[in-house]
Every structure is written in structure tokens, then in C-alpha cells.
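Colleague: Straight from TrEMBL, here's the annotation block:
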| type | residues | note |
| --- | --- | --- |
| REGION | 314-359 | region 'Disordered' |
| TRANSMEM | 27-45 | transmembrane segment |
| TRANSMEM | 57-82 | transmembrane segment |
| TRANSMEM | 102-123 | transmembrane segment |
| TRANSMEM | 143-159 | transmembrane segment |
| TRANSMEM | 171-190 | transmembrane segment |
| TRANSMEM | 202-221 | transmembrane segment |
| TRANSMEM | 227-245 | transmembrane segment |
| TRANSMEM | 257-274 | transmembrane segment |
| TRANSMEM | 294-311 | transmembrane segment |
Amino acid sequence: MRFLLAGALMLLSPFVAEFLAFGTADRLALIVFLAPMYGSGALLIREAARRTSSPWLTVTLLATAYGIVEAGLIDMSLFNPVYEGTDDFTRPAHVPLLGTSVYYLLAFVIGHVVWSIGVPVAFAESLAPARLRHQPWLRRPGLVGCGLLYLGGAALIHADVADGFTPSAPQVVFAVGIAGTCLAAAWRWRHRPSPRGEDRHVVAWRAGVAAFAVTAGWCVLPTSWPGVAGQVALACLAGGLLTRLPAWTRWTDAHTLALAAGALVTYLGVAFVYPVADYPGDHANPATERLSEMLFTVVVIVLVTLGALRLRTPDLGRPGPGSPGSVTTAAQARVPEADDVPTGRGPGRPARSWPETAR
């Protein structure tokens, strides 16, 4: 079962991050090549988080490090002015010293936090039986294999998209500095307990509606300094709510799934509003796009339904170990005998890190 759950997460991450919003069904085979970096990264972050006392804080910090490393050092879309022949991602809200865009810095990194890592992890855990939902899924050999797979996938993608570009020393220092700070914070706060929720009851679907509203607002912000102000405001609003709500309410896994579902629906909506053919370098057939949108809509409905059905268990209302309303100890996070994730590698090419939703 752990093998299946780990495999599901490895496939969900590239599917949500690169296909749901701006991919087509005829390219789904590329998931095999994107999974080593996206899927292994998400799985490693999830495994590290489930060995701490505050898993979702750890997920957020590690996913931020993941996002800045991918966008800044692996595919370099944050710094490369001619990234894969697209329009210059470094121009909006430009910072000359770093040669990058503050707008896309936030869009790429927070996009990875939410859609590359957070949403796939939440859905994969919702599919798990209650006894495994808040437990690590890999033992040490699996973690080592997953780490090697991530490094191999990252190296292949870097080689595929670099096209002779090399980030400057200040850009490298900037990206490494942010990633290092996030890693240090995750380590420093690994024993910080999650807040214990009170008895106030909030219907889970309201959390989903709130997540949809915030993420939809995020995706329509203009690519400008006012857009950056909107990004900061929405990020602070979301961070404040996610910090306080688990302490104010009787938070359950159903609320976490609802949040993920709201963000997932936003990304699905991006596919309908911003056709793939509108992106530079893409030439998708309109009929293929329509069929892909219908197929991906079915996939989203199935994922949400399966997750909700799996959560309809007797322990649904009680926070489990590692949920926002409980504390996971190191002993609880021990991994019993478990299957490991098989490794394999192949050439990968990312579609892009974030839809150009405001262009």
C-alpha cells in the first residue's frame, strides 16, 4: 500500500503542476520524464514533513526551497530572458540587480508550493487509509533512491532547457540563500507542535470555496508592480488564515482536502480560460484542447470524490497524528516495514512552471 501511495504522489505532482492548467492529453506520456524531479521532490518533502511535529509548516518551507531551486537553478526560468523561446519572464516588475521579475519570482515559487507540492500531497494523503495517512511511507533505502531519482531528473531537465544560459553569481547566491533559509527554518521548527484546534465547527466545503477564491484571485493579477502588491496581500491573507484556522476550529483531513480541491479547481479553470495554444512555443490543436479539458475535468472529479469517500471513516472528525490539530511525536512517525519506490530515469522537459495567466 505504501508503494502505491508513493507512486500516486509521484504521478500527481507533475500532472497537477504541468498538465492540468496548460497541458494536453496527447502529451501525458511526458509525466514519466517529469516525475523524477516533480514527483520525487514532492515525495521527499512529504516524507520529511511527516517526521516532524508540524508537517504542513514543514511542507510549506521545504516546498518554497524546492520552488526557488527549480525556477532559479534547474530550469532557470526565473533568470533566463529567453527561456525556451518564450517571452521574457524577467521583465514584469523587474529588479535590475538580480535581473529577474518580482512578479514571476512570487508566481513561480508560490505556484510550486501550492500546485507542485501542497495539492498533490493533500490528495495523495486523502487516498491513504487512516492508519497510513499521517505516517511516513518510505524507509531509508526508499528515501535514498528517491533522492537520487530527484537529482537525476533535475540534471536532465537542466541540460534540456539550459541552452547555454548560466545564472550570474548574484542570482545563484540569491536562490541558494532563500533555499538555505527555508531549509534552516524547517530544521529549526521541526519540533514545533501544530496548534490544537478548539471545538468550533466549520463546514469543510467553506474551506474549499475560500481556497478557490484566493487562488483564482491570484491567477488573474496583472503582471506589474500592482500585481506584486496583490500577490503579497493574497499570500499574507492565505498564510494568516492557514495559521489561525486550525487553532480556532475543529480541523480535520476533510478541511485539508477541501483546500486542495479549491486550488485544484482553480488550475482546471485556467485551462479553460487561457488556451494552451496562446502560450509561446505551444501549438496545441483546439479539438485536442477541448477533449483534454473534458478528460482532466473527469480526473479532478474522480480525485475529489475518491478522497472524500476515503475520508468518510469513523475517525474523520478526530485529528490524526500529524494533522493540523494534533502533535506527531518522533515515535509515532517511525516507519514500519514498508515498500520502497522503484527508481528509474529518463529525459525530461518541463512544460513551464506557471501559467502566464495575467498576460
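Positions of Cβ are set from backbone N, Cα and C atoms, glycine also.
Caution: TrEMBL annotation is automatic and unverified by curators.
A description of the local structural setting of each listed feature is requested, covering burial, neighbours and distances.
Modeller: Here the transmembrane segment (57-82) has Cβ contacts under 8 Å with residues 37, 41, 45-46, 48-49, 88-91, 98-101, 104-105, 108-113, 116-118, 121, 154, 157-158, 161-163, 165, 167-168, 171-172, 174-176, 178-180, 182-183, 185-186, 189-190, 192, 194, 350, 352-353 of the same chain, all six or more residues outside its ends.
Using a Cβ-Cβ cut-off under 8 Å and counting only residues 6 or more beyond its ends in the same chain, the transmembrane segment (102-123) has close neighbours at 9, 12-13, 15-17, 20-21, 38, 41-42, 45-46, 49, 59-60, 62-64, 66-68, 70-71, 77-78, 89-90, 92-95, 215, 218, 223-225, 227-228, 231-232, 235, 256-257, 259-260, 263-264, 267, 303, 307, 353-354.
Outside the transmembrane segment (202-221) by six or more residues, the chain places 110, 114, 227, 230-231, 234, 237-238, 241, 245, 249-252, 254-255, 257-263, 265-267, 269-270, 355, 357-358 with a CB less than 8 A from a CB of the stretch.
Away from its own ends, the transmembrane segment (227-245) comes close to residues 56, 92-93, 102-103, 106-107, 110, 202, 207, 210, 214, 217-218, 221, 251, 255, 259, 358 of its chain (Cβ-Cβ under 8 Å, at least six residues beyond either end).
A Cβ distance under 8 Å defines the sequence-distant neighbours of the transmembrane segment (294-311), meaning residues of its chain 6+ beyond its ends; these are 15, 19-20, 25, 123, 126-129, 252-254, 257, 261, 264-265, 268, 271.
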